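Chemist: Pasting the feature list from TrEMBL:
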- Lys129: ATP binding site (BINDING)
- 19-40: compositional bias 'Low complexity' (COMPBIAS)
- 67-81: compositional bias 'Basic and acidic residues' (COMPBIAS)
- 99-383: domain 'Protein kinase' (DOMAIN)
- 1-95: region 'Disordered' (REGION)
Amino acid sequence: MSDRRRKTKRDSYKEFKPSTSRLKSAASSSTSRKSTINRISRPRPRPGGKGTANSKGLHRRLANMGLHEDEKGSRNRDKKGTGTAEATGRSRPSKEIQYTANSIIGKGSFGVVYKATVTNTEEVVAIKKVLQDRRFKNRELEIMRMMRHPNVVELKHSFYAKGEKDDLYLNLVMEYVPITVHHHLKSFFKIKKAIPVFLVRLYMYQISRALAYIHSLGICHRDIKPHNLLMDPRSHVCKLIDFGSAKILVSGQPNVAYICSRYYRAPELVFEATEYTTAIDVWSMGCVMVELFLGRPVFMGQSREHQLVEIVKKLGTPTKDQMQKMNPDHRGLKFAHPIKGQSWSTIFRGKAPVDAIDLVSQVLQYDPSRRITCFKALAHPFFDELRKPGVKLADGKALPPLFNFTDSEVKQSRKMNLMDKIMPTSK
């Protein structure tokens, strides 16, 4: 499929609404107002896109999900549904859990996500429902079961539902976080204000920490962008979401090159490399950081070729050595006339401090091996303000937990001799 035809699925600059396919109703008897969904072996999800959803026709969608309105909700036109799921957590025993679907919060070509409430505990969760292929295990589920980190969205349970035509759907029950970083950025843009530099430090630190963690597990997210970063506007906690494109990379094994939303796609992917590393996430992280300062994506190409043009306009023409490091097998695009890049100071136009410019210059490098790792980025002076004693949010509230490191993070930082630089200062 051509880049032009696929751009509406992966690359449109609109707010991401996580999603899942329309689901056919699970068997429901006329004497029962609840549907029980049984667990089945885990196949692989189909690739997906993104889109928006409204509440119109919610009762019909709930029915398609194996849920339905209760009588009281129907009489009061309160569009809610209740379903009973036999759910599985990371290593927890199976148990039946009852959910009330409050609203659909997103949909796309790969499915639907809805906000729901656990009936017994009144806990609010997000449930992502995706169509499965019975022949394969579900990569997203397997990866989410591996992770437990303060800055990665938590998988609470998972369950399967059958459709009318013997389709199978996976439901990922996750913690609910109110908005995306993209939505937060737009709220500043609407009032023609820039996000405070302190908040950029706070968000990027948490994003770097999340990526450092998943990279230590060998996981590459492959779709980092503001739409896939959730945040709580009250606590300013950030969470990495949507592992539908994530993969554990194995050296020597080829991977798909057409991955990651275009504006955030690393140049080695633009050059169609199939052997790449987690450095593609680092590039995407750098694009997010620049966007937080500028209020718009820094590389806004309308096609694969145009994306490369936008990158070259900023960074200059890559050298032969850089081309070799990005993709030694590439025989496509040639550069007849070398182009001199711009300085990051010129690109930021006074909107970013010197320490931010220094970090971006270490992240957005053509050569993947020269990009700073996410763990080393945590020790960068750009984040020193967060390490100062007594630092608080603008409203006087405490910062979200930033140094509650996991055992694996502590081990990694000591191995790299970074612990003293990452931990907060005592004076």
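Each Cβ is built from the backbone N, Cα and C atoms, and glycine gets one as well.
Curation plays no part in TrEMBL annotations; they are all automatic predictions.
Quick caveat, the model's predicted, so the values are computed rather than measured.
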Chemist: Once the chains shown are all counted, how many other Cβ atoms turn up within 10 Å of the Cβ of Lys129 (ATP binding site)?
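Modeler: Around the Cβ of Lys129 (ATP binding site), 25 other Cβ atoms lie within 10 Å.
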Chemist: Provide the three-state secondary structure of the residue listed as 'ATP binding site' computed with DSSP.
Modeler: strand
Chemist: Can you work out the mean pLDDT of the predicted model over the domain 'Protein kinase' (99-383)?
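Modeler: Averaged over the domain 'Protein kinase' (99-383), the predicted model reaches a pLDDT of 93.
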